[in-house]
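Pulled from TrEMBL, these are the features on record:
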- C:Ala8, C:Tyr9, C:Ser10, C:Gly11, C:Gly12, C:Leu13, C:Asp14, C:Thr15, C:Ser16, C:Gly117: ATP binding site (BINDING)
- C:Tyr87, C:Asn123, C:Arg127, C:Ser175, C:Glu259, C:Tyr271: L-citrulline binding site (BINDING)
- C:Thr119, C:Asn123, C:Asp124: L-aspartate binding site (BINDING)
- C:4-165: domain 'Arginosuccinate synthase-like N-terminal' (DOMAIN)
- C:174-390: domain 'Arginosuccinate synthase C-terminal' (DOMAIN)
4 protein chains.
Amino acid sequence: MTERVVLAYSGGLDTSVAIGWVAEETGAEVVAVAIDCGQGGEDLDVVRRRAIDCGAVEAVVADAKEEFAGEYCIPAIQANSLYMDRYPLVSALSRPLIVKHLAEAARYHNATMVGHGCTGKGNDQVRFEAGLAALFPELKVVAPVRDSGMTRDKAIAFAEEKGLPIDVSKKSPYSIDQNLFGRAVETGFLEDIWNGPIEDVYSYTDNPAEQREPDELVVTFTAGVPTAVDGKELSPLQIIEEMNRRAGAQGVGRIDMVEDRLVGIKSREVYEAPGAMALIAAHQELEAVTVERDLARFKRGVDQRWGELVYDGLWFSPLKGSLDRFVAEANRHVSGEIRMVLHGGRAVVTGRRSESSLYDYDLATYDTGDAYDQTMARGFIDVWSMPAKIANLRDRQQG
Amino acid sequence: MTERVVLAYSGGLDTSVAIGWVAEETGAEVVAVAIDCGQGGEDLDVVRRRAIDCGAVEAVVADAKEEFAGEYCIPAIQANSLYMDRYPLVSALSRPLIVKHLAEAARYHNATMVGHGCTGKGNDQVRFEAGLAALFPELKVVAPVRDSGMTRDKAIAFAEEKGLPIDVSKKSPYSIDQNLFGRAVETGFLEDIWNGPIEDVYSYTDNPAEQREPDELVVTFTAGVPTAVDGKELSPLQIIEEMNRRAGAQGVGRIDMVEDRLVGIKSREVYEAPGAMALIAAHQELEAVTVERDLARFKRGVDQRWGELVYDGLWFSPLKGSLDRFVAEANRHVSGEIRMVLHGGRAVVTGRRSESSLYDYDLATYDTGDAYDQTMARGFIDVWSMPAKIANLRDRQQG
Amino acid sequence: MTERVVLAYSGGLDTSVAIGWVAEETGAEVVAVAIDCGQGGEDLDVVRRRAIDCGAVEAVVADAKEEFAGEYCIPAIQANSLYMDRYPLVSALSRPLIVKHLAEAARYHNATMVGHGCTGKGNDQVRFEAGLAALFPELKVVAPVRDSGMTRDKAIAFAEEKGLPIDVSKKSPYSIDQNLFGRAVETGFLEDIWNGPIEDVYSYTDNPAEQREPDELVVTFTAGVPTAVDGKELSPLQIIEEMNRRAGAQGVGRIDMVEDRLVGIKSREVYEAPGAMALIAAHQELEAVTVERDLARFKRGVDQRWGELVYDGLWFSPLKGSLDRFVAEANRHVSGEIRMVLHGGRAVVTGRRSESSLYDYDLATYDTGDAYDQTMARGFIDVWSMPAKIANLRDRQQG
Amino acid sequence: MTERVVLAYSGGLDTSVAIGWVAEETGAEVVAVAIDCGQGGEDLDVVRRRAIDCGAVEAVVADAKEEFAGEYCIPAIQANSLYMDRYPLVSALSRPLIVKHLAEAARYHNATMVGHGCTGKGNDQVRFEAGLAALFPELKVVAPVRDSGMTRDKAIAFAEEKGLPIDVSKKSPYSIDQNLFGRAVETGFLEDIWNGPIEDVYSYTDNPAEQREPDELVVTFTAGVPTAVDGKELSPLQIIEEMNRRAGAQGVGRIDMVEDRLVGIKSREVYEAPGAMALIAAHQELEAVTVERDLARFKRGVDQRWGELVYDGLWFSPLKGSLDRFVAEANRHVSGEIRMVLHGGRAVVTGRRSESSLYDYDLATYDTGDAYDQTMARGFIDVWSMPAKIANLRDRQQG
């Protein structure tokens, strides 16, 4: 029986060519697998047909948008995860989802190999292959772009030679990866890090500098999960879409940064993630209201590590699993409403309301009704400052 | 000989009354000490004269703005210090400076006591007293507002009874603390955390929603210290003032948050810190360009702890001293230029340029000239993913 | 109706006197609550009768040894918790258990107050009162030793005056706290930290320097919980008792240290915890075999924080709750057998065996059969060392 | 001109053969570099002559024992560095030293290549190559054992064929790496992790179970550096040698563990490090006496990360450099004397004495003369327990 390879398929030039390229290289039959994580673009049926037309023996397409929203984006919000304090892990979140579907398809179709179109200097090759090593380590990886010289020029030549039904003429100057949670853009002129991005780079967000009316809304969270906007209950997918639309219209969520890649180099990246950035801002503020101080302080380190692991391709790792338990427990009481104003590129929280608030007006107020026992402060300060006091005395004596 | 108390003096109603109140309470002579940390307001000579007129036997006033900028604000920028990821430690930074001057004045004037006007539920009492415990633990603390019932009403009655030269009529609805690095506002209606701030609350920043032209500038850093704006060399004080002016004019640096106080409660705080927020954003991005990945990841935890210590009143602690060494070394190569656009409440980095950049165009580019050896990736991924791969195999076997 | 106070009762001089002292001080009826955490000594019925004879209106005694072992000691083993890398939290673990029973008794007996015999400079007062604040904050705390001058001399005088049935003549030179998990000793001559402990200090452990035969045993763990010794299934209580007996007979588990108290000072402490130290050593080694590297590295920080929280009296805190979830998940596969030799004060692991081992002979061996693909190393090293390589190049260029 | 390769040379079979092997493989001249890190064995002159006899064009030998002790072992003591809480980094410490000498020799002899005899599944290849990447990235690495099939059998055949002056008959069953700081042993029967080590495995330590007299000594530290034993000032090298001798004679410092290798697998390792373990124990206890609590708590995390970096081959990394500053500052006051008893495999601290002690008898004592103000405790506890108290109230209300 002929061997089979499942190929992560996008419908674009590179992976369309890869169908034939991989088939020739390996002698195997190619099963194309396309996953809709909300990247938009063509209809899944069109994508499926193109895969077949390009030589795939099977083409699996799956609408995984709800799954992506609920099982990948929501945990990222609960962990406030911003790699390097800025990047909400857009591409890094979708890779384990795709890997999961690839592994399932490989089992179903008895594949012995898996193919992807990643280059050898990006993070995504690691995320794909580390994910596959975790879920289905027996699969052999085929990576034509990285390992067998399938450059863009050669891909175009291959497509023309084989008469593949792909339009090779339209060449975008941008290298783009996008999904429900955001959009990443790389391009030649941004590789000079002194150059600023131009408006043409953006697609999910309108120009924040343009004059327009602010948009005020209220997001409801239940145990750290956004569950409603302006009182209307929505699924995770619907909420992220709604927030993308409204925050995007106000220019919220543009990110321009130099980033530490897992593969050892720094790279320039431009992102747009309007819904993600607005929802994380809202979630952080609701945590400030409902999470106890020591837990909040420790959680910052957990959130950082969670984001690093996901960025680093270790979604399916034991540490990720244990951090997930911490994050879930810490979110248990993160319920309530956050009012925000979206405007001019900013998502600004202006109000918080929660049944499980730890903010206590009676303790906080300076008005009459103050319930805080101020006579306790003196003892607290005395004990609190004692270790540093003793050390400073010693330091002065020791000179 | 009559005992002496050094009193942290602001020139306002409370501490002006405290001069006489503390003198009566303790039988000691009062030496008023006023420190200019850039809080603006009255001339220091006017403040000095009022202290004397209110009964102080001596009045020490000191312009500590350069010292505050260089030795307190700059280290905070180098540590990117944002308490709870948001608050740049405005008041928390000035307290140790004031404490240092109080301790020096106490030694010079042979004081045995020190007085302050803090309440018993805020952080500042801790910062004052923990700082004094570290620098001059023999001083007895007198805190009339917290410990001997000097409420605002009693203070006004005291002022009127003694005929003190203070205008007791003007009552601001806001409780304000401000200095070079920013401004903190508390007020009754903000104690309802569902209420948003009104424009009247702000003074260092213009309304970000107003239409105006963007302001583009270039900040130069040397070893993590901002040293020039638009190519013009400036002292730390001058740079923070310049950035306050320009970022403030664009509405940058407003913060509205629920905050975990050291004294165990959550409180609502509104801050403005235009220069601080713009400079920290610039510094963070220059770090992204010049600091190696593992160091950058670890430094996030160090920065967090640094900020917590300062917030918690432990400026003069051994841990702070050791973290300082780490932060200074990590900043050794944080030199170069950051171009930012200030506009609509946002300070957005658009360019970076550095002789000590770790961003390497030849490694990062996807153009011809790419120097990255992509054949190495496969081995890296294999080893990188091995621990999680083995663990997942085990997990599947164990069920 | 007369108010009631629940009193943490040990049966000893101090708390026996406290029954009457607190009754006189508060005018309330005293309900004595004695909890058996394995501290040994008198029969609980004797203790109960003494409480009544000393004036308690009710005396509650509870054998909480199984509860203490299973719900307090076992989690400490799973977190390898050694405060300052040495002290297995003996007293710190029993306080929240006692607090829980005090709070339950207070609810049952409609008490409005709670009493304890702690001094004002130890950790235990914090553990009692912080625990009560968490579980039953409405209770008013009465602490006669700390707050109303009940010194030892006054206690003896009170006992003699009232004719209490307590032998006041036997005065141990040692201040001792002991329970199932270990024993803490303080005494005058150890307050000079240059003095070593003498043999007389110890009770749970025999002299490790004495010549005797080694004792070899096998401990079985299931998900981080010790479940059998030498193949015989035992309850947590039975295992800790068995290990105390056998490790104690070999002099294992003596600790002599200078310790950072929560209340701001350093103190000298001598502990014995034979079972605890042997079980933690076994658990750590089984973790080394069954826990993945990144998880193990992060867990060290979690374990440290867990121990600090418990030491610091914050057992009932939200952070503790979230750390518990992490620790439980990390222990999911910590199952298997550890062979140890107990001898000469040392508990030395000599063998490990586990169905869920991550140690893979085929990958580790240098013999024929080696399954490790050594050709991958080169790529790994190239990428692994790249960030530091680039940084060193920069450093040399920058000088 | 013929190219040159510097070869890390030990004098043993593998690297002696590698001289000719590498010369044939590369066509280059081989410069052998042997570094004495205290591994004992043959005289350096003998080693040098053998290198020449085996075909090296130059042979550099260097006594680096003082350098190794002072610049590598001492910092490890100051960081209490124990990988996985147990292994004092013996081999990991010597690799950067050797790398430094290799890089210097390469510059001096105009080499373009560097050779080592490591396999492809150990940590040392990473330490060599990552170190060289940092110090001299232009050097091409030649690794005959890993990359060109130089197995032991082939090495023996090569030696016999070329008539190399090496005794190929004596085959130790053990694979050993040793230096001043300790000794690592791997061997076939230990690859079964249920097997315990036998006495024959050990060389630096006598059997701890044998009956002998205890050895009491006093170690003096100055700023974290051991400077004297029993009052006699010694160099770092002399102190480690002295402690190896005396602690080794008492069986101190044996370690048997399953270890997480950097290259992704777990391995079984047996170590002996008598001096290292005794000195780290002494240093830790002196830190307990002289380092303030918050600093000590944070330093545990720093120490862990320091050890991981060194284990992971990143000695010459920016993070290591910044951690070094932290560790040095934290050790500033770690001065004083530690009395220990070495006996039966244990190094037990029995006394501490320090001019810079933070232990304050007057604060710690329960005797008369107690200077601790116990009335402060109540206020401390009230504030300390408030966040958890409020959270527990909320939790009960929320159910």
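Every residue number used here counts from 1 along the chain in the order it is shown.
Heads up, the Cβ atoms here are built off N, Cα and C, so glycines get one too.
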Using C-alpha atoms only, work out the spacing between C:Thr119 (L-aspartate binding site) and C:Asp14 (ATP binding site) and round it to an integer in Å.
11
Rounded inter-Cα distance in Å - C:Glu259 (L-citrulline binding site), C:Ala8 (ATP binding site):
26
Taking chain D as the partner, extract the binding-site residues from C:Ser10, C:Ser16, C:Thr119, C:Arg127, C:Ser175, C:Glu259 whose Cβ is under 8 Å from a partner Cβ; order them by sequence and answer 'none' if none remain.
C:Thr119, C:Ser175, C:Glu259
Rounded to the nearest Å, what's the C-alpha distance separating C:Ala8 (ATP binding site) and C:Arg127 (L-citrulline binding site)? Just drop the number here, would you?
13
Using a 10 Å cut-off, grab the number of neighbouring Cβ atoms around the Cβ of C:Asp14 (ATP binding site), all chains included.
20
Number of other Cβ atoms within 10 Å of the Cβ of C:Ser10 (ATP binding site) across all protein chains:
21
Within the same chain, and leaving aside C:Thr119, C:Asn123, C:Asp124, name every residue whose CB is within 8 angstroms of the centroid of the CB atoms belonging to the recorded L-aspartate site, in sequence order.
C:Cys118, C:Lys121, C:Gly122, C:Gln125, C:Val126, C:Arg127, C:Val263
Rounded Cα separation (Å) that holds between C:Arg127 (L-citrulline binding site) and C:Ser16 (ATP binding site):
21
Secondary structure at C:Thr119 (L-aspartate binding site) (DSSP, helix/strand/coil)?
coil
Using Cα positions only, nearest of the binding-site residues to C:Ser10 (ATP binding site) (C:Tyr87, C:Asp124, C:Tyr271):
C:Asp124
Inter-residue C-alpha distance, C:Ser16 (ATP binding site) and C:Asp124 (L-aspartate binding site) (nearest angstrom):
18
Predicted model, mean pLDDT over the domain 'Arginosuccinate synthase-like N-terminal' (C:4-165):
96
Of C:Tyr87, C:Asn123, C:Asp124, C:Ser175, C:Tyr271, which is closest to C:Asp14 (ATP binding site) if I measure between C-alpha atoms? They're all binding-site residues.
C:Ser175
Determine, from DSSP, whether C:Arg127 (L-citrulline binding site) sits in helix, strand or coil.
helix
Can you tell me which of the binding-site residues C:Tyr87, C:Asp124, C:Tyr271 is spatially closest to C:Gly12 (ATP binding site)? Compare CA atoms only.
C:Asp124
C-alpha spacing of C:Asp124 (L-aspartate binding site) relative to C:Ser175 (L-citrulline binding site), in angstrom:
14
Relative to the Cβ of C:Tyr271 (L-citrulline binding site), which residues of the same chain, six or more apart in sequence, are found under 8 Å away?
C:Tyr87, C:Pro88, C:Val90, C:Gly182, C:Arg183, C:Ala184, C:Val185, C:Gly253, C:Arg254, C:Ile255, C:Asp256, C:Met257
